[in-house]
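*Asks:* Quick one: structure below, then a few questions.
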Amino acid sequence: DGCPPHPVPGMHPCMCTNTC
């Protein structure tokens, strides 16, 4: 999906989901 890796499986970093 073009998003950088995230430490929590099934979740995306803020810059991808725009939610923190």
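Cβ coordinates come from backbone N, Cα and C, glycine included.
Grabbed the feature section from Swiss-Prot, which reads as follows:
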DISULFID  C3-C16  disulfide bond
DISULFID  C14-C20  disulfide bond
*Asks:* Report, in whole Å, the straight Cα-to-Cα distance of C14 (disulfide bond) from C3 (disulfide bond).
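*Replies:* Approximately 10 Å lies between the Cα of C3 (disulfide bond) and that of C14 (disulfide bond).
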*Asks:* Could you find out if DSSP has C14 (disulfide bond) as helix, strand or coil?
*Replies:* helix
*Asks:* Enter the number of other CB atoms within 10 angstroms of the CB of C14 (disulfide bond).
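*Replies:* For C14 (disulfide bond), the count of other Cβ atoms within 10 Å is 9.
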